Structures are given as structure tokens and as C-alpha cells.
Amino acid sequence: MASDSRRGTGSPKMKGRENAKDTLCRNVTIYGRCRYEDKGCVYNHDPNKTNSAYQSDSKRRLNVDSPSFTPSLLSSNGSSPTSSSATLKKTTTISPKAANAAPFQPRGISSRSNASTPSARAESAAPDWSVAEVQEFVPQGFETSHMASLQGNGNGPVPSTSPFDPFVTTSNPLAAANAVGPVQANPFSPDTAAAALGGATFFTGQTGFQPVQYHLYAPIGPHSQNTLGYQRNVHDLFLPNDFREELQKKAAATLQTLPNTQLPAQVDYFHSLVPLDLNHQKNATIFGFPSWVYKAQSSKDGNFYALRRLEGFRLTNEKAIRSVQAWKRVCNGSVVTVHDAFTSRSFQDSSLIFVTDYHPLSKTLAEQHLSAGNRFQGRSNTHIPEQVLWGYMTQIANALKAIHSNGLAAKIIDPSKILLTGRNRIRLNACAIMDVVQFDTQRSIADLQHQDLVSFGQLIVTLGANSPSVMHNPTKAMEHFTRAYSPQMKNSVFWLLNSMQKDQDHTIDIFITGISSQLMSTFDSALHMDDQLTSDLSRELENGRLVRLMTKLNFINERPEYEHDRQWSENGERYFLKIFRDYVFHQVDAHGDPVVDLGHVLACLNKLDAGSDEKITLVSRDEQSCFIVSYKEIKKALESSFQALLKPTRRVH
């Protein structure tokens, strides 16, 4: 009994398959033949026989005359496996209504039982199939919101939308987040529509952007709108040539000296005098005294100033020269700033010196538009456009506004005393001189300010007629001015010329109100000019940084005084700094000719300053040593070597 019980609980013997002769042997499928075919293998070894048997069986099973499938009822869940097999009732007959029964279609799948449910209960559960509940497998359409974040600490979900585009924003972010995404086709479906997509399903469009390169120049606006995205010109990379030449010429004019001159070596605290007058003939028309203009350098601050000298002036009242103190408070962009005034005998006479700002390469309006000082006297002057003339009027009005607000009067508004310091940029000059020269003249400030307005109108008429003597015939001058310019310009000039009338109130504030529209135009032009200068300045912003890098490299490389110093050896990090210098500046082409490439130098220095992870190959001059280092390592070596250079003087061992 014991042996029988042990035999009953042993592993059951594997039963042979009844349809083994119709099953194709796996060895034939895998290896092409079965080595056990003649040694008792019971499976089929003829693939053709298997296919024919399968086709015949399919024809028999898919016959339209065959009855529909009617599953038998299983036992209840509570019955045991033995009792259920005993009481299982098999249907051996077919109902007459089976001919009209609908074909079998799966309806749904039942919910799976828990892991703790017995296997018999799971087998007895009635399956309920539903195709609609089974989701198709779509690789590109999976929901990424349920996945952990691939970046950061994993707390946030991966966004299911497309990559962020800074140039395309949604008007309603909440609506965009809740919106249903587009339905993608199933690439594994045999549908012809999905097949027509080809490879487009697997290779969707990518709209990612590269990160900002902080070691490159930042393109600050304004930007040119008439070029395409891939087009570049020289002005996009460097300072405009005309602007650069203008600045260089002004710098050269500022530093200009005149050796072997008969001018005094020093006038008070100024030295290095250079005459600025184009006409060497004495002219006392404006001030009543011959005047000369010099450029000089101050011994106090080292800056350059313009000195206007009134020859032969004798100061009789000390209060007269103190009136210049009021002009020091006038700080306006359209007025040349007055810094000081003093008398001097450095020119072997009694002279009055006025110290003002120096604007290199500046011209007067008379030299620019009235042929004053021009060697081609017979050449006719060009007509001044109305917009340029409006610009002059707004700037002079700005200057008079500042002067009159301080209780002063310009007294001199003459084309020969108005400086053109830039393109259509003018400044009133020599304003404080008449306050000293005519100090004893008794005249009210209101009358002097009205006279400024009249002189203002005469200046505009003179510039519009392109002739300095046009005011000798005012009627003819106004006829020409009326034909050449708009009615608004004509009315403004008429208003200025009639400022001396007592029956009307004429102030510079009323005049500014009348030309407010032109003031806005000039202000807009000034804003555009400011944007342009800011853009040009941004291109030169990094030049100092690159110069510092080159300076550090030259400080470190090839120092002969430390050649035998053990602490300053070029075998370590300083050695590939030396080779890096050759890599940047001493490259040659395939023919051995030097490569002069400014772009290569700028790119290398920018990457060095940023500490990029990009690696480069450095080869020694004898081609016996080779280093593969990154810009980050080179930057670290550069900083450590430079800091070591700044340490106290070391002793040579």
C-alpha cells in the first residue's frame, strides 16, 4: 500500500501527442533537416504534406454547410474538479435551430481573477471577449505622461506635447494642455492607408533647438530686414568701416601735435597747443576782437580742450569774467560746454582765454553749407533738404530752451559759430563770450532773448538760401525760401523774425509747441541712432576679453628667467599651453604656408574663455609629442599658471 501510494504521487509520465504525425518537426524548421528522422522521431518531416493537410482541414472546418459552434455549459464554481468532470453534460446532438444561428463572434474578455484565486476558479470563469476594449499597440502614440521624467530628479512627467518652440506660443495654455492629440496610424495594421504612409510614421519631424552658445557674440538689434537667414555681411560681424574710420580719424586728430611751433609751450595749465583755424587772417567782426582757436591738453586731468583766445582784450572789471560761472550750469547736448575763462600774457599780449569742450574734426555750418573756407569758391552750394533743416531747428530750439531757462541769452547765433560735430548734429558755440566782452552794456534779458529768436530765424533763412549775404535783401530771401520749403517751415520762420514785436508774446516755449510734430520726428531719429550705436558697441564688447586671454598666454609662454626653475617647468601643463599658442597662431597649410585666419583665432579664444568640453589635438613642433586635451583643461591650466606667475619672486634652485 505504501508503494502504491508513493507511485500515485510521483510525476506523471508524459503522454505522446496524438497528432504528432501531422505536426512539422521543429528541427526541419530550424536546421532544415532532423537527425532523428530515422531514429524514432514521430513528427512530420515533409513540409508539403503538412501544408496540404492544413488546407484540407481548413476547407472542412470553414464549410458553409457546417453547423455553428455551440459551447457546452461548464459546472458551477463551487463544485470540485472530480464532481464537475463527472457531472459534465456533453451535447451530442445539434438543435434544428442551429442552421439559422449567427456565426460565432467573441464579445469581450472577462476580468482576470486575483493571484490568490484558485486555478479551478479561474478555469471555470466564463470568458467574455470584446475587441473594442483591446487597445492597439502604437509605438509612436504611447502616452508619455505616465512615465517618469528623464531629466532632473524624476519628479515631473515628460511632456507629451511637441518640443518647446520659443517662436510659437499658445493663446490658452490650459486649453492646449487638455486638448486631445492627433490620432496616429497603426504601423502594424495591414490597412492600406497605413501602408501608404511609408516611412513617415517612423520618422516624425523633429523641431528641437540647440542651446545658446554663450561663448559667441550676441546679435543685439536692430537687425537688417532685407537679408535672408543664411546671408551675412561684414557689418554683422565688425564695426562699420565708415564709422570705424571716423572714430580713428577723430582719435588721430585729438592726439595730433605740432612740433617746432611758435606757439607758447604752456598757457596757464594747458600745453601742447595746436591751431584749429583754417583761415589765418584776423577777423574781428563777431566779437570785436580777433579770435583764434587752439586745441590743448590739460595738466590737471589729461583731457583735451578747445581754447578760444580773444587777442588784445583788456579786462577792466573782474565781475565780467565771473559771469562765466553761470554758463557752467548749462548742460545741454546742443550747447558746447564752457569750463573756464581766464586772462593770459603767454602770447606776448593781453588775451582772454575761454576753455570749452573739444570736438575733433568738427566743422561750422558756414564751412559745411555756405562755402566758408572752401577753396572752390565758384562752386555752388547744395540745397539743404527740408528734413535736415528741421533737424537743425529742433536742435537750436533745444539749446535756446536750456539757455533761456537759466536766465541767460545766447547773443550769438551765427553760422560760423555753430559746430557740426556729426551727421546733422550741431551745437551752439561761443555763447559765453559776449557776456564778458559786453558786460557793461545795459540791456534786459528779455530783449536779448527776443533777439536770439530773431537771429534764429535769420540763420534758417540764410541756410535755406545757401548764401551768407542773403539777409541784405530780406524780401528776395523770403521769396526764395517760400518756393523751396513747405508752408509750415515758412510760417515758423516768419514767427521767429517777428519776435521783436511788442504786441505778441514770443518765447522759445511757444515756438517749441508750434513745431512739436517735427520734434517727434527728430526724437525718433535720435532713438534709431541710439539703437544703431548700441548694436555697434555690442560687436566690440568682447574685444577686451580676447585681449586679456592673449595677454595671459604671452605672459606665461617662454619666460627665459624661469628656464632653470623647477617650479616653472614647461614639461607639464605649461607645455601644452605653449603648443596651444602654436595651434592658434602658427598654423600652416598643406604646402607649408602660414594660415592667416582671423575666424580660427576668434573661435579658439572664445572656446578657451568659455571652457568648452570640445577636445583638440595638440602636436609639438618636433612632431614627437601629441596631446588630446579639452578647452576646459587648457583654461584651468592657463588660470593656474597665471596665478603661479603672480606669486612672490621665487628663487632659482
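The backbone N, Cα and C atoms fix where each Cβ goes, glycine too.
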- Query: Ranges 205-243, 244-282, 439-477, 517-555: which does Swiss-Prot label coiled coil?
  - Reply: 517-555
- Task: With H, G and I counted as helix, E and B as strand and the rest as coil, say where DSSP puts Ser362 (ATP binding site).
- Result: coil
- Query: What three-state secondary structure does DSSP assign to Arg308 (ATP binding site)?
  - Reply: strand
- Task: Report the mean pLDDT of the predicted model across the region 'Pseudokinase domain' (256-516), rounded to a whole number.
- Result: 89
- Tell me the Cβ contacts of Lys417 (ATP binding site) under 8 Å, same chain only and six or more apart in sequence, or just say none. Ile286, Thr364, Leu428, Asn429, Ala430
- Other C-beta atoms that fall within 10 angstroms of the C-beta of Ser362 (ATP binding site): 21
